[in-house]
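Novice: Pasting a structure here, questions to come.
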Amino acid sequence: MPKPRTKRGHGREEKKRKRREEAESYEAHENDSKRQRTTDENGYQDGQEAQENGIGEKEFFGMLADEEQEYFRRADELLELNQFPSDEERDVFLENVWKEAENKELKLASSQSCSRLMERLIQLSTTAQKKRLFEAFAGHFLSLVQHRFASHCCEALFLRSAGVVTKELSGFVGFVLDTKGAGGDAEKPEAAMEHLFLATLDELEGSLSYLITDRFASHTLRVLLLVLSGRPLEDSSSRTLMKSKKKEKISVSGAEAADEANKGLRAVPPSFTMAATKIIQDSTAGMDATSLRVLARHPMGNPTLQLLLELDLTLNKGEQKADAERPTLLFQLLPGAPKSLSDGSSEASEFINGMIYDQIGSRLIETLITHAPGKVFKALNQNIFLPRIEGYVRNDVSSYAAIRVLNRLSKDDLVQAVEQITPTVPQLVTKSRFNVLKTLFERCAARGANDEIKKLNKGLKEGCGKTPADLVTYLCGFKDEEKKKKDVQQLSKNEYAIQSHGAQLLTALLSIPGPVKGVQESLLAVEPTVLVRLATTSMPTVTVLTTALATPSSNPAFHKSIVSSLLPHIHELAVQQFGHNLINAIAEVPSKGKERSVPFHMKEAIMARLGEHEAELRDSWMGRSVWRNWKGDMWKTRRRDWKVWMREVDAHIESTLPQRGRAAEKQQAAQDKPSKKEEPVVEDKMEVDEVVEKPEEEKKKEKKDKKDKKEKREKKEKKDKKEKKEKKKSKPEEAEVVAEDEE
């Protein structure tokens, strides 16, 4: 029998109704296209009684009571603050929250205010707790992955459980698990994580074709594919595919240590590889050329299609050769490839030509270029990309696909491409295609195309300006600052991207013999205010200066001049978000050396300025980082030890920097090798090994040598003093002879 409606109950229902109406109006105002989070009286989410394509119905899991909602909200705050007296008390608190959440997992996951708590609990959960959550979600995954908040909980659960699968491959023992915490009657054998993932896939099977384009489920599906494939989950490319840019980052203290098992490449069972292959087949089964083109241009479908294509090209390469009759996704996109690509009117050629200039579709072309088999890429390059490479690099959209092409070209094809592009380099500079120029310089350096580097460098200088200083000021966007802006926000966003690309180009040039000299001359020619702006504008711009300090120069005064220009602003840079990296980099430059050095007296002056502003430095984490790296406390209390430490740093850097290696050491290393033919290769390896494996031994050896020299010097001084005393006591005749000899 239902309880009679009381006055208090009626008031509570009225409050809930008002909250629902407020949430609906807020959501409608914020974004009309967003699905509503509130519930209607019929038990389904408002406006979502059925799927958009008419398949299936949305489930409603109920709402938490006000007291429960308040408890979980408070628990979320406590976890975020992490102010527990000890780890034991924190573990007890987590256990209590899990007990309170029992049988409420679905409500928590689909709650706007409590889904964050569920994500944090998943990040800190044990293997048994993850498996309980899989069982709690079982049978409802199709609805959960399409829910605005629950989909994030599913993603977190899949990501954090990936490492458990790999761990269980080495040997899984199914312990008896009390899933309900109700005693011996409710105990049952613990399921393997592999089986739980496969059961989840069984629920989603049959719905994959429309989940690909779902606003929330598409992200969850990508996460599931990455877990099944065994790919690293922390890669930047993987993160871009998995998460929306707008997604809130939910983190909790202790999650990184718990997530250690999920990092890097993971071994996966054969069933996962088969499941990933089946998802690829089922997702695009029955799609014709038109459907694939629509999917390739879809904002949600394109990233999923990218991942499907990449996995299709990388998984089971050997099996694809044996099963050539089966149409893969690659040949669905490019029918008849590679032969059909020679015909400009073929379906495959039209697909490439239509997608490469599309803002969304071009991303699929990038994936295709990167992972296509050699025969297909060769046909693409010879028939489509190489003949039109000059036009592709000039376009804002197709230039990204052109960069992927340049990264795969052989030396001969690269030289041919550079010959086409070289006359338009000044135009590329004007259009701010700095990322294209960076790729050209890097690939020419990697392929040993030195003549092409000279041509590109000449065109770059023509495009930037006549004076040496123009190279840095133009590429970093410090010219024409007074130009009026129409859309301030959009322009500032675009300008930041252009500035980053320009700074990355300068950083790349500093590692290439030839262009490095031009960048160093430009840095010497700019005003000190420009150097300060480089140090404080962004991470890419300050990286230009830190890389310049780490790079040897034929000009002995280069590093000294840069530091001298920055000296009046040292304390300001030390407390700046980006500038403190530069101050830390100065400490690593040796005090002596022909190619790279900052005099010791200049380092003392820097430390003195930092000491004057010690209180200011200690007020910020950037300043504390600088004070710690420069050993400010040692400088205050033990000045002599600080000087010894700084000289030790110099000696350590001198012996471990390959680019500054002393000629004597190189000759000795070469003499120790048995064969002259192997000298250059082995010599390089020895220098790298010295950096990685033997710094401590060298440091001990240098200390011992210094100690021996000091002892010898002291003995010699004592001997000289003794001789002088003996001479004074000697006969007058001998003293006269000594005086005559001195005259």
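Each Cβ is built from the backbone N, Cα and C atoms, and glycine gets one as well.
Features from Swiss-Prot:
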type	residues	note
COMPBIAS	1-19	compositional bias 'Basic residues'
COMPBIAS	20-40	compositional bias 'Basic and acidic residues'
COMPBIAS	673-685	compositional bias 'Basic and acidic residues'
COMPBIAS	691-700	compositional bias 'Basic and acidic residues'
COMPBIAS	701-730	compositional bias 'Basic residues'
REGION	1-56	region 'Disordered'
REGION	656-743	region 'Disordered'
REPEAT	100-135	repeat 'Pumilio 1'
REPEAT	203-243	repeat 'Pumilio 2'
REPEAT	347-382	repeat 'Pumilio 3'
REPEAT	565-608	repeat 'Pumilio 4'
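Help me understand the surroundings of these features in the structure.
Specialist: Helix, strand and coil counts from DSSP across the repeat 'Pumilio 1' (100-135) read 25 helix, 0 strand, 11 coil.
Residues in the repeat 'Pumilio 3' (347-382) partition by DSSP class (helix H, G, I; strand E, B; coil) as 29 helix, 0 strand, 7 coil.
Model confidence over the repeat 'Pumilio 4' (565-608) is summarised by a mean pLDDT of 92.
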